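What follows is a short report on a single structure.
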């Protein structure tokens with residue numbers, strides 16, 4: 001993204017080239033002593049005129065040259081954050097108490113990546129407002145006014161991690177001036193939290209100083225923290241109010257608290273107020289927020305095992321790295337190497353005019369190898385030139401060769417991290433040629449990250465290089481903080497959790513989707529995708545996410561209703577109803593700017609340029625193609641906010657640069673062909689549902705068992721009366737390597753002297769696939785070898801590999817598919833949380849077509865061999881509605897009772913009555929042995945048979 005360095009310096013000089021502001025033409029500011037809380041983007045005395053722009057001078061100074069003569073009456077900042085979209089308004093009111101005219105400067109810092117949306121200045125009742133024009137038009141208007149002596153100077157400059165907005169006005173004695181600046185930015189998640197910074201530098205004591213930060217997050221607030229950034233001076237001043245979905249931070253120091261010391265006349269308010277927070281994430285599918293024709297999809301899954309990584313560090317050791325840069329880089333690398341996981345592989349390439357490698361091949365991150373690599377790095381002595389081309393090609397060769405020779409874990413990710421402080425001086429010098437060489441040689445499973453130290457390096461080149469090869473670039477400032485900056489960046493990419501993440505929105509009425517395909521997802525971050533939809537054609541927006549975790553393929557589905565947010569947004573005055581539109585525009589324009597820098601032909605670049613220009617004008621955003629013209633009502637006095645050539649990529653603060661791909665539906669492996677057994681329950685989305693078969697083997701509450709015996713076409717039922725915590729063997733088939741066990745939970749209290757029990761947890765073990773699956777009433781956990789993946793009942797998702805598929809239907813059911821021929825279905829039974837007795841429990845269903853080995857056993861497994869039964873002598877029972885009969889089975893003659901049991905597959909709330917013959921005494925005589933023979937010690941223990 002183009003960093004807009006817009007510095008407005010307005011010089012209202014009382015000389016020939018400037019216009020004067022008459023002292024007798026101003027009006028009093030109404031409500032001067034009242035700092036009232038207002039709705040987002042609404043402040044007094046200002047014409048609402050939303051526009052975008054940015055600016056950047058080198059330094060920020062005090063509000064005026066004469067501190068004693070000008071009073072800062074109020075300095076007020078308000079930020080409102082709605083679902084990561086922040087709008088900040090800075091308002092300053094000053095009074096000239098001097099008998100002479102005074103220059104007053106409004107100089108504020110805003111975060112890089114922010115868009116200025118409006119600037120308004122009121123001096124002596126004359127109001128200056130802003131409009132967005134195409135850049136050449138804006139410059140022409142500025143030039144016309146300048147020729148008449150009716151403008152100020154036009155200055156463009158850069159700063160470090162902040163951008164400056166600066167304007168100056170000369171006001172007559174007794175005059176009052178008000179400045180107001182609006183800017184917007186998106187909050188990117190880094191290392192597990194969002195960080196909102198407000199730079200406070202009023203330059204003098206303010207009679208009224210007030211900062212309010214309102215945060216509205218629909219997912220709910222997980223934590224909120226305001227670190228001490230003023231060295232304890234304002235301890236206890238910030239007031240934090242944390243709610244479930246809305247929080248407030250206020251900072252209102254009195255004049256006495258603002259003083260640097262008790263008798264000081266200068267302010268201690270000079271720094272950043274920082275607010276850190278994170279949101280709840282109950283659904284692995286992410287949060288899909290849909291409103292007013294736009295949608296935004298936030299995706300930050302947790303509880304996933306890290307994917308092993310193959311990482312090559314490519315370090316510039318040329319002469320320009322001498323001193324503090326090299327020392328800080330070495331210190332950072334030592335810490336980074338210690339943080340590598342044992343399953344990672346790594347090596348180090350260092351280069352000046354020559355290229356060296358610590359190891360010619362990737363090695364495992366053992367303690368011995370890490371210690372040796374740290375010794376190697378400590379001995380580096382910077383000298384010579386910079387051969388970036390050969391260093392990158394060497395690193396690419398090492399990874400390519402390891403991949404071609406099968407030395408890399410197929411489930412791993414490959415990363416190259418380049419650290420350099422300058423442009424090439426040796427070897428290939430042409431940047432476009434280096435970019436082409438890297439693109440031609442790097443495999444499409446490798447991500448290239450570039451860290452540019454200082455300002456001597458061509459940062460725009462590094463960003464093109466990384467964006468084109470599935471990575472990002474970041475500037476590192478060459479100072480004593482270099483080490484922590486390097487370590488912080490590494491921490492952001494140190495934990496890959498998913499590969500090949502793709503967001504699909506298959507509905508035809510969903511359009512203009514931002515980048516929706518990403519090479520990797522890293523823990524602690526967040527992927528954000530936005531788009532448009534036609535509310536007249538859609539009642540809901542469907543999302544399907546496909547991704548790969550450790551040894552597992554994922555398909556995550558969600559549906560979001562159109563009216564879910566309307567009621568909430570309309571009732572909260574601090575919630576921005578346009579947040580979805582603003583987020584979509586922010587992402588789209590920044591991604592287009594990055595695509596423009598990578599455009600392979602002039603024609604493509606012109607097309608992208610045209611799109612950016614139109615969007616910039618439509619959404620009032622100052623980009624490299626537009627400018628902000630600020631003028632009075634007559635239009636004869638103007639100043640210009642322009643954007644100088646500056647670093648740009650997508651998107652400032654983002655960890656991902658993705659691509660756009662066409663949306664697809666659920667992949668074929670996640671939607672097996674419907675069969676009679678597949679119909680045990682609906683899998684995935686509604687369109688995948690099919691009709692359940694009439695006959696399956698199932699276990700529900702009590703727990704009661706319903707066994708369908710196809711030879712006799714009878715349903716046989718029995719209950720098991722055991723204790724909470726006991727684990728029962730349901731299927732134990734060591735020959736096939738299949739196990740199903742269930743752990744009992746009890747009701748909240750006994751009824752009629754009996755405590756009812758239910759299945760609260762089920763364990764499935766597929767030994768040949770080395771896969772264990774634990775399903776509880778809370779979540780679903782897949783353990784595949786050494787990796788663990790968790791899903792929640794709040795997800796609709798598919799997870800699996802070529803042999804095992806887990807399909808979760810939100811809040812209802814889980815289906816396990818083994819080798820596309822064996823099926824296991826689990827239903828979740830929810831009860832009212834405040835029910836005095838009942839608890840949530842699970843039901844399990846097995847189709848009789850599952851093909852176990854002849855040695856299969858367990859309370860359910862033994863009936864897969866379909867024993868013969870004979871029911872005769874049907875007669876009236878003690879209850880006229882429940883007749884009795886005699887049943888011969890396995891050499892036993894039993895008395896059974898005709899009754900009804902519930903089948904919850906088609907009606908999970910009330911169930912469907914199923915007629916069956918009930919066997920008393922915990923199935924004695926119908927099952928082999930006693931039910932206690934089926935107790936096992938662990939959830940994944942096979943049944944030991946005599």
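Numbering starts at 1 and runs along the chain as it is shown here.
Cβ atoms are placed via backbone N, Cα and C, with glycine included.
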Selected residue, Swiss-Prot feature N-linked glycosylation site, from candidates 445, 779:
445
Pick from 96, 578: which does Swiss-Prot describe as N-linked glycosylation site?
578
Among the recorded positions listed here (445, 466, 886), identify the one with the smallest other-Cβ count within 10 Å.
886
Please identify which of 282, 283 has the densest Cβ environment, defined as other Cβ atoms within 10 Å, among these modified residues.
283
Counting across all protein chains shown, how many other Cβ atoms sit within 10 Å of the Cβ of residue 118 (N-linked glycosylation site)?
24
Among the glycosylation sites 263, 578, point out the residue whose Cβ has the most other Cβ atoms within 10 Å, with all shown protein chains included in the count.
578
So among 118, 466, 886, all listed as recorded positions, which is physically nearest to residue 445 (N-linked glycosylation site)? Use the C-alpha atoms.
466
When the Cα of residue 282 (4-carboxyglutamate) is compared with the Cα of each of the recorded positions 118, 263, 466, 578, which one is closest?
578
